[in-house]
């Protein structure tokens, strides 16, 4: 449905993608078989849903989420993926530039997450008022893996080792580093402290912003994009969100709207400004020079009409993605609500993980005995492991005595 034969202008014909004869055929781009592109694109689709989950953390009914995932990826994600990335898609034919998912993944997830958060409703008041990071060190480890993985996220899109793949990798890291520093500087100027969480947010917005442009812009453009991706989403999150009434009504737990919808839209627009015709020719392998020319190069080469046309197509793509995902996400959420509640009950929200999964995420000082899973344990339902209370008490006493000693 995302990359198959044309069914309608914005959707492919449903078919079996895991058929052996289909898997070994060369993909429509690059030199690898369909088996590789299927895996690569399934990962993209999974990432999009994980990002949506970031907007819904802390209150969505887990069963409702399990229903949401296959419905959304089938009836919402496929529409924009086919329209923008498949050669037969209507926006692809118009020349929309989305190198690695600024529209299909990031703008989509930001809009869908914000819309779903509206229908699901907010977290508890306690969680909304104070929701500190669980573990900043683990967050940094995850951020590092994310940044490293984005090398493949953007660099892998040509499906081969090529010049534009190398350009994509370099631009990705240049933009991201610039964005991180920009966000960090703004935090320091306005809040007086260089926030580690803020630096991570700036890293993410930089990665998102460069994604639609990764292999088709020059290094200096990547720096400019990083400066804007570290400042404009910062402003919408830190300033605008507190002033706009509608934004304050939606509880977007991880600020996915700002880090992905705003940054993704910004990247799409800037791609329409800075896209280099020669680089686009490397990636799209076209000779139609009326397509794939950034506005900056339109002015430079005396083809302003083509440059404005490209910018117009980029803006049209944003409007299409917003319309599709706001509409389809709303329909899917309303249909699910007819079967199961979208939101957890107040009692479940107060109890937390144990009420939902029968497990506690953190079991310290023997507290885990209270939350021993009845379903995935070697013990019988009414049996309990030997008590370690004495060991726990001795452990606490040892550390208590150690920490109470006077420091030199």
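The backbone N, Cα and C atoms fix where each Cβ goes, glycine too.
Record features (TrEMBL):
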| type | residues | note |
| --- | --- | --- |
| DOMAIN | 27-362 | domain 'Ammonium transporter AmtB-like' |
| TRANSMEM | 37-57 | transmembrane segment |
| TRANSMEM | 62-83 | transmembrane segment |
| TRANSMEM | 103-121 | transmembrane segment |
| TRANSMEM | 133-153 | transmembrane segment |
| TRANSMEM | 165-191 | transmembrane segment |
| TRANSMEM | 203-235 | transmembrane segment |
| TRANSMEM | 255-275 | transmembrane segment |
| TRANSMEM | 311-340 | transmembrane segment |
Mean per-residue pLDDT computed across the domain 'Ammonium transporter AmtB-like' (27-362): 92
Feature contact check the transmembrane segment (62-83) with the transmembrane segment (203-235), CB under 8 Å, 3 or more pairs: no
Candidates 103-121, 165-191, 311-340; stretch with most C-beta pairs under 8 Å toward the transmembrane segment (255-275): 103-121
Same-chain residue ranges lying at least 6 outside the transmembrane segment (311-340) that approach it to Cβ under 8 Å: 61, 63-64, 67-68, 71-72, 75-76, 79-80, 83-84, 91, 94-98, 103-104, 107-108, 111-112, 115-116, 119-120, 265, 268-269, 271-273, 294-295
